[in-house]
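> Pulled these from TrEMBL:
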{"type": "SITE", "residues": "B:Ala438", "note": "site 'Determinant of potassium dependence'"}
{"type": "TRANSMEM", "residues": "B:56-72", "note": "transmembrane segment"}
{"type": "TRANSMEM", "residues": "B:78-98", "note": "transmembrane segment"}
{"type": "TRANSMEM", "residues": "B:119-146", "note": "transmembrane segment"}
{"type": "TRANSMEM", "residues": "B:152-173", "note": "transmembrane segment"}
{"type": "TRANSMEM", "residues": "B:245-265", "note": "transmembrane segment"}
{"type": "TRANSMEM", "residues": "B:277-295", "note": "transmembrane segment"}
{"type": "TRANSMEM", "residues": "B:348-373", "note": "transmembrane segment"}
{"type": "TRANSMEM", "residues": "B:379-400", "note": "transmembrane segment"}
{"type": "TRANSMEM", "residues": "B:444-463", "note": "transmembrane segment"}
{"type": "TRANSMEM", "residues": "B:475-495", "note": "transmembrane segment"}
{"type": "TRANSMEM", "residues": "B:567-586", "note": "transmembrane segment"}
{"type": "TRANSMEM", "residues": "B:632-650", "note": "transmembrane segment"}
2 protein chains.
Amino acid sequence: MDAFWIVVGSGVLALAYAFFAYGKVKRFKVENERVNELSEIIHGGAMAFLSREYRWLFPFALLVGALLWFTIGMGTSISFLVGALFSAVAGYIGMTVATRSNGKTSFAATLGMNEALGIAFRGGSVMGMSVVGLGVLGIMICYALFKDPNIVTGFGFGASSIALFARVGGGIYTKAADVGADLVGKVEAGIPEDDPRNPAVIADNVGDNVGDIAGMGADLFESYVNSIIAAMAIGLTIFGDRGVFYPLLLSALGIASAIIGTMFVRVKEGGNAQVALRVGTFVTGGVMIFGSYFITKSVFGDLTLFWSVLSGVAVGVLIGYVTEIYTSGDYDAVKQIAKSSETGAATVILSGIAVGMKSTVIPVILICVATLVGFKFGGLFGIACAAVGMLSITGMTLSVDAYGPIADNAGGIAEMSHLPHEVREITDKLDAVGNTTAAMGKGLAIGSAALTALALFAAYAHAVNLDAIDLKDPYVMVGLFVGGMLPFLFSALTIQAVGRAAQSMIDEVRRQFREIPGIMEGTGRPEYERCVDISTGSALKEMVFPGLLAVITPILVGYILGPAALGGLLGGAIVTGVMMAIFMSNSGGAWDNAKKFIEEGNFGGKGTSNHAAAVVGDTVGDPFKDTAGPSLNILIKLMTVVALVLAPLFI
Amino acid sequence: MDAFWIVVGSGVLALAYAFFAYGKVKRFKVENERVNELSEIIHGGAMAFLSREYRWLFPFALLVGALLWFTIGMGTSISFLVGALFSAVAGYIGMTVATRSNGKTSFAATLGMNEALGIAFRGGSVMGMSVVGLGVLGIMICYALFKDPNIVTGFGFGASSIALFARVGGGIYTKAADVGADLVGKVEAGIPEDDPRNPAVIADNVGDNVGDIAGMGADLFESYVNSIIAAMAIGLTIFGDRGVFYPLLLSALGIASAIIGTMFVRVKEGGNAQVALRVGTFVTGGVMIFGSYFITKSVFGDLTLFWSVLSGVAVGVLIGYVTEIYTSGDYDAVKQIAKSSETGAATVILSGIAVGMKSTVIPVILICVATLVGFKFGGLFGIACAAVGMLSITGMTLSVDAYGPIADNAGGIAEMSHLPHEVREITDKLDAVGNTTAAMGKGLAIGSAALTALALFAAYAHAVNLDAIDLKDPYVMVGLFVGGMLPFLFSALTIQAVGRAAQSMIDEVRRQFREIPGIMEGTGRPEYERCVDISTGSALKEMVFPGLLAVITPILVGYILGPAALGGLLGGAIVTGVMMAIFMSNSGGAWDNAKKFIEEGNFGGKGTSNHAAAVVGDTVGDPFKDTAGPSLNILIKLMTVVALVLAPLFI
């Protein structure tokens, strides 16, 4: 019972941290009319998106909850609803704070670097800490109610459902707004980025929050809780209560480590924000590793499982680093893409695709290492513990990650409210750091999705109690093929959805430029809200079909071809899903930075045909890295958790 | 013993047909100096490539043969060498005849459509019939020598090794030449396609033969013999001798059907070549289905396995048809890509990628149907028989397929030798038909690769005698991940190889334009041979690493992680390999035809910015559809056959 209260206490602690961090941000006063106004519009747009999204989600959640009640049981149904609710609340908190911190960050930049970093990081940490706090507490509530990890899987399903909508919908939203703003504003009308005359500029800024805050938060929330739940479910059958509480204690430790880590995120004037964030992350990781040594020893009396956890933590950090190598302008891969712009857009595309495909190799090997080390020291439970280890420091990594879009927004607001040049310089520096941390966050999101899906897969295999999911069995092989095909179909659907949504946005921006008098002179106010509305509507409409696909396919295959074929389906979807997610995220990231590398004056710089070629790559990469790629993280976790929750139906 | 001679007789019949068809082509005299000269240069270039390729292959084959002798045994080693030799001979014959038929086709076009079709199709049929004849005879020789299908697997390994070099090397060759010719000739110097002043024009025409004749021939030769061998190996353990000869008899029947089918390929003046080829294919398929009914009945006394075979034949035809829907300008997918050119190159790329990804769905479902139907009516043997059924009509499909590049070359020669406009019109018509048949051939190549790999996989699983290749076993899952990653790495490597090879070609063409006096006025003769040489050298150099990867990875995984993990590796590679092959082939085909659709005058036609955007898509698509995509067919078959042959080492 001690363990129970320790875990609950850690969850409360995380939420308390978030509460106080929010208080500090809130108390910081912005003395600039224009900054306040813009921040308010972005905040309003983000909230409008969330409230419309949640209005769709509410009946959906109730319907699924009802179906679960009748098919699986009351406990799973309630857990599902709690999971959906907690994920939604975490998203709401994160978005609220992020869209309140952006304007404050730009104003804080007038005071100095440390002040700006302080606000932006604190804003991000509210998201990070809310996710882990609500995650741990939600699991504990469901476990206290039903005393059975197999019922708590419903909580994970709820979290996954919200994540699907947040990631797919958010991904479509952000890219539709981005493309619309860029294509008509920058290219056709020739006005700069973040120019307040552009009607889509607010939607674009809202999109950064919708995609990178709410989307990323829901993604990691899903990984976080599902890795814990999978470990609990497997642990129960092997170690009894100890197996249930061990992953929970690791998570509690992770929360404590993250709080200690955040204290190290400081920068002196003229200092390096990148270093500050890295120190914070390393301190968190170090405390986590150190502490898990003792926890493992005290729970099991020996250290075997410690190595499983350690492999997860290590691989989580390394995957982020590999992502950086393939997508940052400091390394060769991106420079090669930039160079290929000399022979035109086609070679930019080809070299970016090749880089993305090649970048699958090391992450896959790392995931395999974590899997094998996890297994060697702890069987299937060890794999799940590796996933828990990787995700235990989510409180910190997500704080760092959420900081990025806040800094990005802050720069936009500084630009739009004509703050002095030095301010923009500070926000630009913070934003550049944000791009690197975003790459690392994306790597972690994919790696953790893979490991979480594997842990859920192990739990599923356990639950349906099959002798084997045997590739020699043609039904399993057929499942593998269908599963392997789904990420391709899913990516095609989301890419096409972005295309259609962007088209509506383009039409609207063109219309406003045409019809609103004085808009180009800055005397007529653009109808920002219309653009926000269009992005919201398109995103919500377009995510229905891919969403249904993700939920219904595993159910159909399980029913028609049986639980072994469903196992094959999950295996196939996880494998191609992970490959495609890495490929598309990293191609997209590499194109983005190749363009920026040229814009820094290399290979001719802005305005040359080389730059134009690189812009084509960046445009192709946008839906790759911000819509299709991240959505696959959700797809593989959602499908596996659906299979796990519904396992009793397929036996 | 009767069955033995029937099969041998069918092989001899196929070769006799090829011999007489070649005689007819040879006797046709070309009375045009220029046509003869150009045809001779292309022929010389193609032979130069083959002889240099074979000079590399010879020591490689001997080395592998020696290793096999010591590790597996004499029989497998000899079978391997015979397989490599027969595949090389089939490629040599096909290339010789194809490069002898192209000039004759252009000259025959001065006499009329039927004459031109007759020569082109007869030239293609030499390739088609040589492949099936040599395939069947080679298998029979090895079987007669060693009386054990498990030893005959060495023959399949030999065929796969040659296929790897032919497909990967050929794919790099053809695209390096194509890109070099287009980029410097068409874009920079502004001279038309197939202009004799372009130094790379001969290399480009040679490339069509190297890629589409030798590459496609070796690809289908590999599928053809491996599907038969896999069926023999599985059949032996279930039905004894009957199980060994049943797939062979089906192949013999396929040869007879193809010969009957070829008689129906005729066209009246003003008639439709497309219809003629389709009638030939349908007749072949009909005879095959009808005959296999009786063969099944007489071998087994019941019809069960007939349904397995039928599913293979049907799916083979349907996959070709689906490919056409996604890649032909007559359908919506391609028109949508063409329309997306209105918003620039980036949207062309995105819509083409989405089409390619979407196009995986139906072929995957068809492959699953063939697998399940095959299994339902015949267990694992039924799956192998479905593959044999699909490939039984290779004699006809490959004839139709090889016809394409001959017609394409004929058009080029007609242009370069300034034949009358009406001649070019006829060759253009034949070429257009060739594009459609090529799409269908590519669909069949992928579908048959998938089914053959599955049959080989089943034979492997049989051979290592594992209880299960269990996805719950983390070693299998790790194998699945590594296997799933390989097609991405392989594609990245081949795409980058094309980039480098094309760059050397571009440099050389630029140099010739600069240094050879009078080259642009048509008075200085370009050094065609240098360009052929560069393509050849680059192709051979670039294929070494991907080739080694394909052979060594399964061996390493088998040794280090064991036979079950190797099974996982094969499963993962087959699944992502098939998806990526379909995706890249169809994206590439769709971009190609979207560009052609615009060139026909839609969306502004040639010279507009829309056309320029479509050209970017086409350029990206070239290495997709002609290098990376087709190479994956080989990768998955080669890796599985390596595992099957070396299975005794891993037990």
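Glycine too: its Cβ is placed from the backbone N, Cα and C atoms.
Automated prediction, rather than curation, is the source of TrEMBL annotations.
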> Under DSSP, is B:Ala438 (site 'Determinant of potassium dependence') helix, strand or coil?
helix
> Just to confirm: which same-chain residues, 6+ apart in sequence, have a Cβ under 8 Å from the Cβ of B:Ala438 (site 'Determinant of potassium dependence')?
B:Asp212, B:Asp401, B:Gly404
> Is the number of Cβ-Cβ pairs under 8 Å between the transmembrane segment (B:119-146) and the transmembrane segment (B:567-586) three or more, considering only pairs separated by 6 or more positions?
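These two stretches do not touch.
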> Decide whether the stretches the transmembrane segment (B:475-495) and the transmembrane segment (B:348-373) have at least 3 CB pairs under 8 angstroms, with pairs required to be 6 or more apart in sequence.
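Between the transmembrane segment (B:348-373) and the transmembrane segment (B:475-495), which are separate recorded stretches, there is no contact, as judged by 3 or more close Cβ pairs.
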> As a test: from B:78-98, B:245-265, B:277-295, B:348-373, B:379-400, pick the stretch that has the greatest number of Cβ pairs under 8 Å with the transmembrane segment (B:444-463).
B:379-400
> Six or more residues out from either end of the transmembrane segment (B:348-373), which same-chain residues have a Cβ under 8 Å from its Cβ atoms?
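That would be 307-308, 311-312, 314-315, 318-319, 322-323, 326-327, 333-334, 336-337, 340-341, 382-383, 386, 390, 443, 446-447, 450-451, 454, 578-579, 582-588, 590-591, 594, 613-614, 616-617, 620-621, 624.
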> When you check the transmembrane segment (B:245-265) against the transmembrane segment (B:379-400), do you get at least 3 Cβ pairs under 8 Å, counting only pairs 6 or more apart in sequence?
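Yes, the stretches contact each other.
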> At a C-beta cut-off of under 8 Å, are there same-chain residues at least 6 beyond the transmembrane segment (B:78-98) that contact it? List them, or none.
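Beyond its ends, the transmembrane segment (B:78-98) has Cβ neighbours at 18, 22, 25, 43, 46-47, 50, 54, 57, 61-62, 64-65, 68, 123-124, 126-127, 130-131, 134-135, 137-138, 141-142, 145-146, 151-163, 166, 209-210, 213-214, 217-218, 221-222, 225, 402, 405-406, 409, 645.
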